[in-house]
Amino acid sequence: MKTIDDLQVSGQRVFVRADLNVPLDGETITDDGRIRAAVPTITKLLDRGAKVIVASHLGRPKGAPDPRYSLAPVARRLGELLGKPVAFATDTVDDSARATVEGLADGQVALLENLRFNAGETSKDDAERGAFADRLAALADLYVGDGFGAVHRKHASVYDLPARLPHAAGDLIAAELTVLKQLTEDVKRPYAVVLGGAKVSDKLGVIDHLLEKADRILIGGGMAYTFLKAQGHEVGGSLLQEDQVPVVREYLRRAEERGVEFVLPVDVLAAAEFPDLKTKAPANPEVLSADAIPADRQGLDIGPETRKVYAAKLADTATVFWNGPMGVFEHPDYADGTRAVAQALIDSPAFTVVGGGDSAAAVRILGFDESAFGHISTGGGASLEYLEGKTLPGLAALED
Ligand code: 3PG
C-alpha cells in the first residue's frame, strides 16, 4: 500500500476521501474528533502544494440532497482547524463542484457536499457506482484514501474511485492500521474486550471472532439484555433481540468450552421510561439486580456494583479493546457506566484502544483527555470488521 510520500502531489488535484461523518445537533457539531483526525493528511498535502478536494459522507440521506445532512457546518469547522478558508461546493460532481475545483490554486482546499446526496455513491449496482466514480475521477488527478471509518463500505468514493486514479493511503489510515495490527497479530495477554451499544446483532461477527482471540469479554449497553435473557433472566422492558437469544446462548457455551470469560452486568440502572435526551430532565433511575428486572422497568446503564466488577476485570490486563457505550450516556443520569469503563481503561496499565464512533464520541463528550488512551479509533463498524479479519473494500482498493 503506497502512502502520501510516494505521490508527487505538487500542482496536482488530489481527491481526499475522508470520513467527516460527525454527530450534529441541528447545525452544531457535538463531537469534531473525525474532522480533527482528517487534518494532518490535508495539511501535509497543502504544504506540498496540492490542490486538495476533500469529500465525505454524513449520515444516511437517501441518495438525494437533504439539507439535514449538509456538510456546510463541517466545512466551517474544517476551515477553523486548518486555519485557512475551505471552499465549499454545494454539489459533488455538478456545476458547483467543477467550478470550485477549477478555482483552486496550489495549496488551497475545497470540500464537496455530502457524497450520499448521489444514489451512485452507495448503490449495490456496480455500473451505477462506477458511473458516479467516473464523474468523481474527472475532478482529480490523484486519490488519497483516508476515511478509515468508511473503509468497510463498498461505496463509489471508497472502493471504485481508487481504481480510476493513482492512489495512496493517507496518514490516518496508516496510523489506524498500525494500531489495529497490535490487536490482531501478537496481542499481549491478558486481552480483554469491552463491548456495548444497542444491538447485539451488530456485534455477532466480532464476538464470534473474539471467542478465538480474547481472554475476557465484558458486555454492557443495550446488548447486555440479550445476554442476560440467554442466561435465563427476566429483562423486563429492556432492549432485547429475542431472535438472537439462541445465538448468544451458543456463544456463552463456546466461551465456557474455550475458557474465555464472559462478564455480564450484576446490576443495572433502570426506570419505567426511556430518558428525554433533549431536555435531559432528571430520570431518577433505581438500582436493580440484573437477574430480575420487572416487566415495567427497563435497564438503561450498568449499575454501581457492575462498575466495580468491570474496573477490577480491566485492572490486570495487557491489552483492552473497547467498542460501544455501557448505557444511554447522552443523559447524565445514565453516563456513569460508560464513564467508569473509560476511567478503568485509563487506570489500567494495558495498551488501550477505543474503537467506534459512539464510544470515541462518549470519551470526548464526557470530558476525558484523549491522550490518556493508547488509541482512539475513528472507525466504528470499520474497526470491528477489521478485528473480524474481513477484507475491507476501502483497504483492498488502496493496495497497489
Ligand atoms: C461510521 O460512522 O461508522 C462511518 O462513518 C460509516 O457510516 P455508515 O455506517 O453510515 O456507513
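Placement of Cβ uses the backbone N, Cα and C atoms for every residue, glycine included.
The substrate binding site annotation in TrEMBL covers ASP19, LEU20, ASN21, ARG34, HIS57, LEU58, GLY59, ARG60, ARG116, ARG153. In the three-state DSSP assignment, the secondary structure recorded for ASP19 (substrate binding site) is coil.
TrEMBL lists LYS203, GLY299, GLU330, GLY356, GLY357, ASP358, SER359 with the feature ATP binding site. Long-range C-beta contacts of GLU330 (ATP binding site), restricted to its own chain and to partners at least six residues apart, with a cutoff below 8 Å, comprise LEU277, ILE365.
When every Cα pair among LYS203, GLY299, GLU330, GLY356, GLY357, ASP358, SER359 is compared, the largest distance found for this ATP site is 22 Å. For the pair formed by ASP19 (substrate binding site) and GLY357 (ATP binding site), distance between Cα atoms is given as 11 Å, rounded to the nearest Å. Here the C-alpha separation of ASN21 (substrate binding site) and ASP358 (ATP binding site) works out to 12 Å. Among the binding-site residues ASP19, ASN21, GLY356, GLY357, ASP358, SER359, residues whose Cβ is positioned under 6 Å from ligand 1 are identified as ASP19, ASN21, GLY357. Cβ neighbour count for HIS57 (substrate binding site): 26 (other Cβ atoms within 10 Å of its Cβ, all protein chains included).
Considering only the binding-site residues HIS57, GLY59, ARG116, no residue lies within 10 A of LYS203 (ATP binding site) on a C-alpha to C-alpha basis.
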